Amino acid sequence: MDLGNKTNAQEFFLLGLSDKPEQQPLLFAIFLCMYVVTVTGNVLIILAITSDSHLHTPMYFFLANLSFVDLCLATNTVPKMLANIQSRTKSISYVCCLTQMYFFHFFGIMDSVLIAVMAYDRFVAICHPLHYMTIMSPRLCGLLVGGPWVFSSLISLAHTLLMSRLFFCASTELPHFFCDLTPLLRLSCSDTTVNKILVLIVGGMVIVTPFLCILASYARIVVAILKVPSAGGRRKAFSTCSSHLSVVALFYGTTIGVYLSPSSIHTAVKDKASAVMYTVVTPMLNPFIYSLRSRDLKGALKKLANRKITSSP
């Protein structure tokens, strides 16, 4: 394309979820409520796990980290969208856009890897119960959480640096409610081949590979559960896994559809709907999914609530 139609963008305009003014108050109310629930739920999970010594186990250590990442993932996108609706401005500076994209991918990758790590934890707990504490040592747990933080930061930095070299067309209207990689690439007038190749490579590493690992873990888990002689034992084992499988279905079902499906079937509406699922809905539902299925966690939340009530004047 002619260089005259290219520009070093100073800002982008986020068109949001709807361009109809009459829908903005309703959208603001819905997403404000969802964000408050997300923050409250995930903070309570973190406080309950850190305050109850009975929950200082690998499974709840991973869950606390997942709650923190979910909280950050939602905070990276929703407050800016709410501010844009309230102020009726749609602009976001170029630097802020790239920063938002960096942290979106950072926490999104962390989410994907942590869900896979939690599947491995359940696999060890059910298939190797006698060696669980030996295998899931504090050192391994630290590596399983610390390693993804480093990996996620490097991958997100690579995406951001490659994006920063691109030129953008005269129109900088982004049909999305946050600065996501895919719509930004569509807006660029530069050659985005390298960016798209990296998207496919990273998608394979952080979406497909963890998803296949989860499937392999649960295949082994199902085989082990079916060998349990008592119906009560099988029911209990399935119960400990069902909450995690719900999260897997929610998260991977939408991310695979956005980042690994052919570009020919993408539409702005589908992309925004999928993004709402994994940036807003999943982080909001995770605390409920895990707490409702865990008797220990429900007990810790009750203790936390009672402690707050008795300590209040």
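Cβ coordinates are placed from backbone N, Cα and C, and glycine is handled just like the others.
As annotated by TrEMBL, transmembrane segment applies to 26-49, 61-82, 102-120, 140-162, 197-226, 238-261, 273-292. Marked as domain 'G-protein coupled receptors family 1 profile' by TrEMBL: 41-290.
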Worksheet item: What stretch of 26-49, 61-82, 140-162, 273-292 shows the most Cβ pairs under 8 Å to the transmembrane segment (197-226)?
Response: 140-162
Worksheet item: In the same chain, which residue numbers or ranges, 6 or more beyond the ends of the transmembrane segment (273-292), come under 8 angstroms Cβ to Cβ?
Response: 17, 31, 34-35, 37-38, 41-42, 44-45, 63, 66-67, 70-71, 73-74, 76-78, 104, 108, 111, 176-178, 180, 243, 246-247, 250-251, 253-255, 257-258, 298, 301
Worksheet item: Between the stretches 26-49, 102-120, 140-162, which one has more Cβ pairs under 8 Å with the transmembrane segment (61-82) than any other?
Response: 26-49
